Protein chains: 2
Amino acid sequence: MEKQNEVVLFGTWASAFCKRVELALKIKGIPYEYVEEDLTNKSVSLLHYNPVHKKVPVLVHNGRPISESLVILEYIDECWNNTPKLLPEGPYQRAKVRFWVNFFDHQIMARLLPIIMTRGEEREKAIKEFNELLKVFEEGINKDFPEEFPFLEGKTLKYLDIVVGTALCNYEAFHEVVDVVFSHEKNPVIMAWVKALKNHPLMKETLPPHDKFVDKMREKYLGQYP
Amino acid sequence: MEKQNEVVLFGTWASAFCKRVELALKIKGIPYEYVEEDLTNKSVSLLHYNPVHKKVPVLVHNGRPISESLVILEYIDECWNNTPKLLPEGPYQRAKVRFWVNFFDHQIMARLLPIIMTRGEEREKAIKEFNELLKVFEEGINKDFPEEFPFLEGKTLKYLDIVVGTALCNYEAFHEVVDVVFSHEKNPVIMAWVKALKNHPLMKETLPPHDKFVDKMREKYLGQYP
């Protein structure tokens, strides 16, 4: 008998890229099996399903694998195209969301590692750059999606909420381990948004527990800088 | 009177990223105005329409700007959703195309500059890496889209054809100025594909003229290495 809508997600619990897929599946109400990968000892299945990048997340739907978190999110939205939709309906609004999601991934996410991995002046510079980019992002989304901000609790999570929330809702762990990188004073729209996102029941259910995440960051990054 | 479907493309003739938008508009049969930008002296309009990245291509549709070539291609396909479609219909096939287009941009395109800008051993290494990635790409698309290869002349150009064709159909200019970076022996599927793409009337109409492109590469890159 052929399996219908069998969904398996290969992920790792501390990765924001995996968390975005988990959250999208939950928002859509799609039942799935979750396989936690040990990235120091990748499973045969992961290497089989993502031979090109050998990375998580990988979504396997009825035996067919899809890799790369943003490609997976678009797939989920197209495949389970009942409400709630992750992307808006109009082509122009969709383009704007895609533009800002790419900006977030390629500019903002890409600056997090230098903040974590450097010290002293270098880190100051990285934090300054990060903040300038966050400012551009904040002003941009506020201008392009005036109807979305301030984000009201109880609203359905959409594409930008997923991408930004799974990355930034852990900011307290980040501040505890590394440094204060953003604040209400510097980034009021994003802080208000992230705080509201943190209280969303599906986000709460999806985010890694604070203490476990703090330990993971300490182990992973600070181990190198005793 | 409101303008209907006024389409303006800001681009620069030697950029593959701009050429992909031009080609997509032509495939769809969308009339447009083209504005050539001087990147050493960007126009006020460009800075106004793309204040975030200040880069071409920018598509302005009825006064509303969209930036980033892949975001623009998706927009064009969604907005003018008559045939021919650039992306396939099924969500899984769409995901596969997006995956390989991202691979092409982030892995393969990203390796072209190191080949151009380095010499000696460093270049040898860059070419080797480029070829290994091209091999992965070739095997991947051949496996994922068996119905598309070999590409037959006369077929309608689609998303992958646009992205790969506008980047690689100039390979003879590349070989003339820089080095032989790919060949029929090493990359038979891609070479056959690129050669067929080069003969497509819309591709011919869109690609920069060989001699002009050679001069541009010489001026831009080789000027730094007399």
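Positions of Cβ are set from backbone N, Cα and C atoms, glycine also.
As annotated by TrEMBL, domain 'GST N-terminal' applies to B:5-84.
With DSSP classes pooled into helix, strand and coil, the tally for the domain 'GST C-terminal' (B:90-218) is 98 helix, 0 strand, 31 coil. Residues or ranges marked as domain 'GST C-terminal' in TrEMBL: B:90-218.
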Problem set entry | Per-state residue totals over the domain 'GST N-terminal' (B:5-84) - DSSP helix, strand, coil | 30 helix, 17 strand, 33 coil
Seminar exercise, completed: For the domain 'GST C-terminal' (B:90-218), the averaged pLDDT of the predicted model is 91
